[in-house]
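Peer 1: Sharing a structure here in structure tokens format.
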Amino acid sequence: MATVCLIQLLVLVFCLHGVVPDSREAKYMNTLCGELVIVKNAVRFILEPYMVMKMPEDCEVHIQAFSDYYIYKDKINIELSFLGLNIACEQGSVEILQLGDYDDKLASASGDSICGDEIPEQIFRSTEETITLKFHKIYPQMYTASFEILATKIDKGACYEDYGGFLCDNQACVDRDVLCDDYNNCRDGSDESDSECIGFWTTAAISGVVVGSVAGVIVLVVVLIVFRKIRHGSVC
């Protein structure tokens, strides 16, 4: 019986570990070309290698910050940071632009286009509520590329805790929903600090407990069924 309990505990830990780090909402580039995506807290934008061949030469995704609270109206913008990047520069690139003004590129330090396999350290922040993420294929037959970009809504000016705000140590204001999600939305680690996260239960953590508990019960039932069959000599 102790072995069964150990199995159940391992399943629970595995589920918790697997759910929490990937809890931030993900959007996939191959389904977003020409679309407007609303960001209320933070969203990951992902390009997987298998998506590239069927995508158009230029895929633009418009990303707009949004708050449910009127007090933040006209006081929010979008901040983009790279979590991963692998694009051969002779085949394609990423550009980050201000919506409606394609001459105003929020360029990387190396130029207007972002490519290669080194993750940029630069943070790209819009001056308005909307920013555009553009993936460009130099060759239509381009068959592989990938990136992962985190878009975080940032509140400019005062940060109101009563209206869902969290003031980072660097004075940036993010949505409280991004606390303890393992993505360092503040960029200084203050939203992931022990003082904020000890005893903090995210939706993902709660989901992990539920999933882990259900999986543990299933494993327990299966083990008991097999044990009974062994006792009665009917197991295959």
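Just so you know, glycine gets a Cβ as well, placed from its N, Cα and C.
What TrEMBL records for this protein is below:
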SIGNAL    1-21  signal peptide
DOMAIN    33-150  domain 'CUB'
DISULFID  CYS168-CYS186  disulfide bond
TRANSMEM  200-227  transmembrane segment
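How buried are these features, and what lies next to them?
Peer 2: Within the same chain, the residues at least 6 positions away from CYS186 (disulfide bond) whose Cβ sits under 8 Å from its Cβ are PHE166, CYS168, ASP169, ASN170, ALA172, VAL174, GLU192, listed in sequence order.
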Peer 1: What are the DSSP helix, strand and coil residue counts for the domain 'CUB' (33-150)?
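Peer 2: Counting residues by DSSP class gives 9 helix, 61 strand, 48 coil.
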